[in-house]
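S.K.: Below: one structure in structure tokens.
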Amino acid sequence: RPAARSLLMFLGFIFWGAAVALAFGGVSVILMYKNYRYLFQESFLSLPGWLAVAAAIILIPTGVLAISISVKSSRYRQGVLMYFLLVLLCLEMSSAVLAQVYSILMTSELRSTMDYLFYMYNGTHSKGPGVKAVDAVQRKLQCCGVQNYTDWLKATPALHVPAEKVRVPESCCKEKYSHCGGDLGHLEHLFQEGCLEKLEDCLHFVMLYIFWCCVMLSVLELLAGVSNGLLMRHQPFHDLQFL
């Protein structure tokens with residue numbers, strides 16, 4: 001029993017810290033979908049993030065219960081803790097599975113969507129959502145083109161000036177050369193890395209972060225459940241109706 005109490009108290013404090021880490025991952029996924037929603041065909045991409053945020057919120061009272069039970073056992077608090085741990089396991093396993101699945105599925109979809117949007121790009125002064133999405137991606141990720149800046153050589157003729165001189169969008173210009181005009185004659189003024197690889201790296205990082213956070217937390221919650229169960233054995237329930 002002393003070991004179970006000590007472990008439960010330790011896990012209670014760990015749950016508070018884990019709530020912050022899991023909330024960070026969930027918010028990152030939600031913001032990624034919000035910032036690049038025109039590039040993701042799957043509208044449920046933010047679902048793992050929302051599940052992670054919900055789990056992070058529940059982790060806070062779960063930590064409080066774990067610490068309070070380790071100080072003074074209460075059969076009602078022990079029962080509620082078991083319920084919280086069960087809900088958390090469901091949320092975290094769902095989030096982990098969705099994060100892993102979306103990380104795989106989004107790679108091919110992202111490539112085809114970006115190819116289409118970049119090919120249909122018709123100038124930085126257009127007000128279309130696709131054009132704004134391309135400019136936003138290039139500015140935020142500091143990149144140019146899908147694979148690299150040479151992708152704009154195959155873009156629509158709207159980017160070509162009358163003298164047949166090829167230019168890239170102004171969103172490819174580095175910050176200190178923000179008015180470079182997209183002239184390929186001055187490559188040092190432009191971002192030369194492609195956007196696809198950078199966006200894939202960001203997507204895989206946040207999804208992998210969510211996945212491992214959920215897996216590790218599930219293991220810790222199983223330990224908390226075992227510790228709580230050991231304490232419950234020494235204080236059996238006489239009335240199970242409240243369950």
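A Cβ is built for glycine as well, from the same backbone N, Cα and C atoms used for every other residue.
Since the structure is predicted, the reported quantities are computational estimates derived from the model, not experimental observations.
Take a look at what TrEMBL says about it:
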TRANSMEM  7-33  transmembrane segment
TRANSMEM  45-69  transmembrane segment
TRANSMEM  81-105  transmembrane segment
DISULFID  Cys143-Cys173  disulfide bond
TRANSMEM  206-226  transmembrane segment
S.K.: Which range out of 7-33, 45-69, 81-105 gives the transmembrane segment (206-226) the most CB pairs under 8 Å?
M.R.: 81-105
S.K.: Other than its close neighbours in sequence, what residues sit by the transmembrane segment (7-33), given a CB gap under 8 Å and a spacing of at least six beyond its ends?
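M.R.: Residues packing against the transmembrane segment (7-33) from afar: 40, 45-46, 48-53, 55-57, 59-60, 62-67, 69-71, 95, 99, 202-203, 206-207, 209-210, 213-214, 217, 220, 223-224, 227-228, 231.
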S.K.: Suppose we draw a 10 Å sphere around the Cβ of Cys173 (disulfide bond). How many other Cβ atoms does it contain, all chains included?
M.R.: 22
S.K.: Does anything in the same chain, at least 6 positions from Cys143 (disulfide bond), have a Cβ under 8 Å from its Cβ, and if so what?
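M.R.: When sequence neighbours closer than 6 are ignored, Cys143 (disulfide bond) has Val137, Phe191, Glu193, Gly194, Cys195, Lys198 within Cβ distance under 8 Å.
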